[in-house]
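If you check Swiss-Prot, you get these features:
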DISULFID  C755-C809  disulfide bond
CARBOHYD  N306  N-linked glycosylation site
CARBOHYD  N338  N-linked glycosylation site
CARBOHYD  N378  N-linked glycosylation site
CARBOHYD  N417  N-linked glycosylation site
CARBOHYD  N435  N-linked glycosylation site
CARBOHYD  N445  N-linked glycosylation site
CARBOHYD  N532  N-linked glycosylation site
CARBOHYD  N734  N-linked glycosylation site
CARBOHYD  N808  N-linked glycosylation site
CARBOHYD  N813  N-linked glycosylation site
REGION    888-912  region 'Disordered'
TRANSMEM  588-608  transmembrane segment
TRANSMEM  618-638  transmembrane segment
TRANSMEM  650-670  transmembrane segment
TRANSMEM  829-849  transmembrane segment
Amino acid sequence: MFWVLVLLSFIVLIGDGMISEGAGLRPRYVDVGAIFSLGTLQGEVTNIAMKAAEEDVNSDPSFLGGSKLRITTYDAKRNGFLTIMGALQFMETDAVAIIGPQTSIMAHVLSHLANELSVPMLSFTALDPSLSALQFPFFVQTAPSDLFLMRAIAEMISYYGWSEVIALYNDDDNSRNGITALGDELEGRRCKISYKAVLPLDVVITSPREIINELVKIQGMESRVIIVNTFPKTGKKIFEEAQKLGMMEKGYVWIATTWLTSLLDSVNPLPAKTAESLRGVLTLRIHTPNSKKKKDFVARWNKLSNGTVGLNVYGLYAYDTVWIIARAVKRLLDSRANISFSSDPKLTSMKGGGSLNLGALSIFDQGSQFLDYIVNTNMTGVTGQIQFLPDRSMIQPSYDIINVVDDGFRQIGYWSNHSGLSIIPPESLYKKLSNRSSSNQHLNNVTWPGGTSETPRGWVFPNNGRRLRIGVPDRASFKEFVSRLDGSNKVQGYAIDVFEAAVKLISYPVPHEFVLFGDGLKNPNFNEFVNNVTIGVFDAVVGDIAIVTKRTRIVDFTQPYIESGLVVVAPVTKLNDTPWAFLRPFTPPMWAVTAAFFLIVGSVIWILEHRINDEFRGPPRKQIVTILWFSFSTMFFSHRENTVSTLGRAVLLIWLFVVLIITSSYTASLTSILTVQQLNSPIRGVDTLISSSGRVGFQVGSYAENYMIDELNIARSRLVPLGSPKEYAAALQNGTVAAIVDERPYVDLFLSEFCGFAIRGQEFTRSGWGFAFPRDSPLAIDMSTAILGLSETGQLQKIHDKWLSRSNCSNLNGSVSDEDSEQLKLRSFWGLFLVCGISCFIALFIYFFKIVRDFFRHGKYDEEATVPSPESSRSKSLQTFLAYFDEKEDESKRRMKRKRNDDLSLKPSRPI
């Protein structure tokens, strides 16, 4: 019996050894390190969440096949050195992964260690956009990178129409690189960071006065949109000091990054002082869908935290990060790979290390395989779908946009990389096509600082007491637009009145002073004038400034306050106005022939209708009136007499067509004569100007000179500079130039005084005049809105009429004779008259042939009554024919029929 017991004991020992050796493939514990500052808000929340995840993973022994996940948290105590020591400690204890570090500064340092020892490092708080997978392949961000956070903020700024922002941030990698990313995103939207206020890392402890100093600087600046990218403790202090300085009032815009939402979620309620200082602030939170998993975890939180701290989004990502590691461990163990570590030859070969035990740092042999399992994770966690893109960024990054209000905070919308700004949850939009158009971007109403719901302008004039220097051209001609008052530096004119009226419509004061540019002896060069805005000589320039492409590249223009464009002016003559102007369209022969045909056609119709139409019968006087009335009423197609004969209708139809052509031509010609001036120059527009060899005048200082040389390829030798309207007129009259090219407003003013000239052809450029401001100047936008307001209310037109609506033109440089005018001549219509005449002749021929035939057939009965002499016989026949012609056809037929019957009754009857 004793030996049996010994044998059984030996078998058990052997079995235990075999089991232990086999179980080596699945270790009892898989170690994971975590490095956080547990005294911080993030550290406290993430530590609780990681422990909960560890318990959930280990609650199912089958998940890791009997192995357990063991997470050891190292408290870095906000100290960089301790953070490094914690990482080294985990590398010595064979940790397969490290969760952390908490800050991007340490992530940059420790990522080199992770790369060397092949230990994956996962962080959901170190979200620096510069931590790339190419540089640090073993560093994985398990929450959306701050690159997307800055993209969301940039789209918000663009959505509200702000062009400049101020960045206030701590001098650390995460904050600094985040602001750099923001600057890049803003630049693509024509916005910019106008000032960067950098605060030391420990500013609250070591130099709190530095916060006040920076806020005072910001207070005196132009921009009122401030981005705060810092830590919760620093951020709280910033807003408290800003409130004391009156910077949480109407007009300011404050946007805080995700640090504020973590504070709002975890500390509830906030201290009254802090809550009051945050009213009206916008902030963002990483979006996590409201899934059942999330709701269940939120419900557990109070029990997990014992009510000491609220759950924020970093707690959710901490929980999911543990599960990412656990699933990767499961896949590694399921692949039957041993979890093993080996010495790093680079470290073991180091000599003179003193007491440093660098040889204890070992390489994770399966690190690359384990990393591959991590980045290929595809799971649904409490934060939603977890999946990495090829560049290691999280799939479908999105944010909640939060507005801090009196009773806490409220959500005003979302941002997602898929669809931009929306009031619909991003997960509802992922199945739709991406639409990033401005019309598809929406957010709900915001309560801004100061309690206002009106979107702040985002900028004010700098509070430095300096007035804006507004450049004004000191013109030598066309002073209706801009001119210096005699004996002073004051200015007046159309452009000045428009500017002053627009300034009055702006809802804030615009202190300014006008500064003259030029000597007043000749017009200044406007390209140089505009360039002075770029180099800072002027804060803006006002005047008759054409908006052209070259200038828009260096300055921003307002909405045009007057339309403009280049036109060609050439000499003309004009017909003298007379009471008989209505006779000008036709030459005298044309009038005579037209009048004759009215009478001829009327007579022909009377002849054709006289015997059969009662309306063309009656006493001679009535018939003459009928002929005249019918003839001339056809001019207006208002004749009331009906034609019943076929021939009459045919003639009338042809005549009405002729009348239609004549009246239409008359109307068009009269309109042209009364409204269009007549040329005595071969220049008919820009095309003939280019092809001609004549000299061309232009206004000194105008862009027309460069345009003709560069765009129209007109030789510089053909161009003649002119300085005033009088020089224009003299040059055109004496033939110095064949034409002048200038902008339309100048030309209109010139023609109102000198009427012997006219615009030839159409405007061959389209532009306008505006006021120029520095690039991205918010004042340019407000001035444009004000100019539109002036236009809509009619005030802009009143200013125009005050300065430009005048006409002193009384002397004419010539007149146009009948031969030179565009009168309608007979040769243009002889074909119509010929057709009408032939039709009348044919109709009369047919008619007389028919009536003569009928007369000789029936009229002989009248002649048989007497046998006169030959002379009297011819006279009697003519009288009989005329009587027959004048007799109504029906009566003639009845008379002839009656006479025939009488003749038959007088013949003797034949005997029976």
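Each residue, glycine too, has its Cβ placed from N, Cα and C.
In the shown protein chains, 13 other C-beta atoms lie within 10 A of the C-beta of N435 (N-linked glycosylation site). Residues 581-582, 584-586, 594, 597, 601, 604-605, 608, 634-635, 637, 643, 822-824, 828-829, 832-833, 835-836, 839-840, 843 of the same chain lie 6 or more positions beyond the ends of the transmembrane segment (650-670) yet place their CB under 8 Å from a CB of it. Beyond its flanks by at least six residues, the transmembrane segment (829-849) meets 590, 593, 597, 600-601, 604, 607-608, 647-648, 650-651, 654-655, 658, 661-662, 665 of its own chain at Cβ-Cβ distances under 8 Å.
In the three-state DSSP scheme, C755 (disulfide bond) falls into the coil class. With the fewest other Cβ atoms inside 10 Å of its Cβ, the least crowded of the glycosylation sites N338, N445, N734 in this structure is N734. Around N532 (N-linked glycosylation site), a 10 Å sphere centred on its CB holds 17 further CB atoms from the protein chains shown. For the pair formed by C755 (disulfide bond) and N734 (N-linked glycosylation site), distance between Cα atoms is given as 15 Å, rounded to the nearest Å. Around N417 (N-linked glycosylation site), taking its Cβ as the centre, 20 other Cβ atoms fall within 10 Å, counting all chains. N435 (N-linked glycosylation site) is 11 Å away from N417 (N-linked glycosylation site) when you measure Cα to Cα.
Between N435 (N-linked glycosylation site) and N734 (N-linked glycosylation site), the C-alpha separation comes to 64 Å. When the Cα atoms are compared, N734 (N-linked glycosylation site) and N445 (N-linked glycosylation site) turn out to be 68 Å apart. Of all Cβ atoms in the shown protein chains, 18 besides its own fall within 10 Å of the Cβ of C755 (disulfide bond). Note on N306 (N-linked glycosylation site): other Cβ atoms within 10 Å of its Cβ, all shown chains, come to 8. N338 (N-linked glycosylation site) sits 58 Å from N445 (N-linked glycosylation site), taking the Cα positions as reference. DSSP gives N532 (N-linked glycosylation site) a helix state.
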